[in-house]
Amino acid sequence: MNSFLQTSDPEIAKIIKQAAEMRQQQPLPKINSCPRCGEIGHISSDCPNSVPSADEMQNSIEERIKKAVALAPETWENDDMGLFLPSHQNIIQEKRSWKDGPFCFNCGEFGHSEDTCTQPTYKKIVHVFGRTLEDKGHKAIFERQHLVDDVKSLCERSESQNNQNQQQESNLDKKDSVWS
């Protein structure tokens with residue numbers, strides 16, 4: 001017995017000896033966990049979750065891209081690198097603060113609250129993209145959040161572009177009225 005477990009009380013020494021014997025007779029159960037899917041109860045060779053082939057993964061990626069292209073607003077453009085919203089050189093960055101009025105925690109803009117926000121909420125985006133966003137696992141969670149952030153930023157840029165176009169049109173109308 002270890003020196004720190006020694007005691008002068010024979011009853012306690014007997015209990016400590018019995019506990020040590022029990023621990024040797026009944027080792028802790030081994031819990032199998034699968035490195036493939038992360039579930040407990042089986043190992044990777046017995047995993048019910050099949051690993052997709054490279055072709056299946058490629059097809060899945062292509063399907064997601066086609067779905068994103070089909071759902072993209074008309075203002076988006078497509079090239080070899082994928083979808084993008086064209087930017088214009090005359091975009092002006094404004095610095096805003098809490099003094100500028102209410103802040104929207106949905107889109108991150110000042111001037112309105114999330115109750116009156118015109119940008120899509122996370123719930124609406126999940127509804128639009130459906131099964132694409134329902135996959136589980138760390139990779140899927142990362143992909144889902146990245147996709148949601150991209151769509152939100154694209155919507156914000158689209159809204160900004162629409163506001164800018166309206167401003168330019170009103171400026172042109174003012175110039176036309178001056179020359180009339």
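Including glycine, each Cβ sits where the backbone N, Cα and C put it.
Any TrEMBL annotation is an automated prediction that lacks curation.
Here is what TrEMBL records for this protein:
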- 34-49: domain 'CCHC-type' (DOMAIN)
- 104-119: domain 'CCHC-type' (DOMAIN)
- 155-180: region 'Disordered' (REGION)
- 160-170: compositional bias 'Low complexity' (COMPBIAS)
- 171-180: compositional bias 'Basic and acidic residues' (COMPBIAS)
Segment confidence, the domain 'CCHC-type' (34-49), expressed as mean pLDDT:
82
Looking only at the domain 'CCHC-type' (104-119), what are its DSSP counts of helix, strand and coil residues?
3 helix, 1 strand, 12 coil
Let's see if you can do this one: DSSP helix, strand and coil counts over the domain 'CCHC-type' (34-49), in that order.
3 helix, 1 strand, 12 coil
